[in-house]
């Protein structure tokens, strides 16, 4: 039994679709959303994405990361299969780690207009260095803007011990 009406699921076309088309080039248009039925309260939604890949824009070598996407929804939420396909579309996309995290956050803001969102990429080392870009956003003029500032200043005060991931 579902509590969702068909009208609430009109924009959700990928979930349950057996003929999924896997795109290998950056494709933000694959993202889909659905209505948040609990917009009267704040709550976090967190996605752990351990299989993210993109390409170095200079060398074309593959980069691998676990990405953490956390957000407080407002009126819309991202549909998880569309998010999976969207992240998969970075496979042949050449950009620096920092750029990829900001692109992902910007696309999700455009899709959902969340109250708050953060995207944190933990990339595996290449050349003996791992890069962990973190970006966040709080809706301007709200308490979430202050929350974003606070979390930015305190997000990695006690970093984990790097054990070659």
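Each position is counted from 1, following the chain as shown.
Note that Cβ sites are derived from N, Cα and C of the backbone, with glycine treated the same way.
Note that the coordinates shown come from a computational prediction; the quantities given were computed from them, not determined experimentally.
What Swiss-Prot records for this protein:
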- 56: active site, thioimide intermediate (ACT_SITE)
- 63: active site, proton donor (ACT_SITE)
- 78, 79, 80, 97, 98: substrate binding site (BINDING)
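Of all the recorded positions listed here (56, 78), it is 56 whose C-beta has the fewest other C-beta atoms within 10 angstroms. Cβ neighbour count for residue 79 (substrate binding site) (all protein chains, 10 Å cutoff from its Cβ): 21. Residue with the densest Cβ environment among the recorded positions 63, 98: 63, by other Cβ atoms within 10 Å. Residues listed for substrate, 78, 79, 80, 97, 98, cover a largest CA to CA span of 24 Å. Cα to Cα, residue 98 (substrate binding site) and residue 56 (active site, thioimide intermediate) are separated by 11 Å. According to DSSP, residue 78 (substrate binding site) is assigned to a strand segment. Here is what falls inside 10 Å of the CA of residue 56 (active site, thioimide intermediate) among the recorded positions 63, 78, 79, 80: 63. Taking Cα separation as the measure, residue 63 (active site, proton donor) is nearest to 97 of the binding-site residues 78, 79, 80, 97. According to DSSP, residue 97 (substrate binding site) sits within a helical segment.
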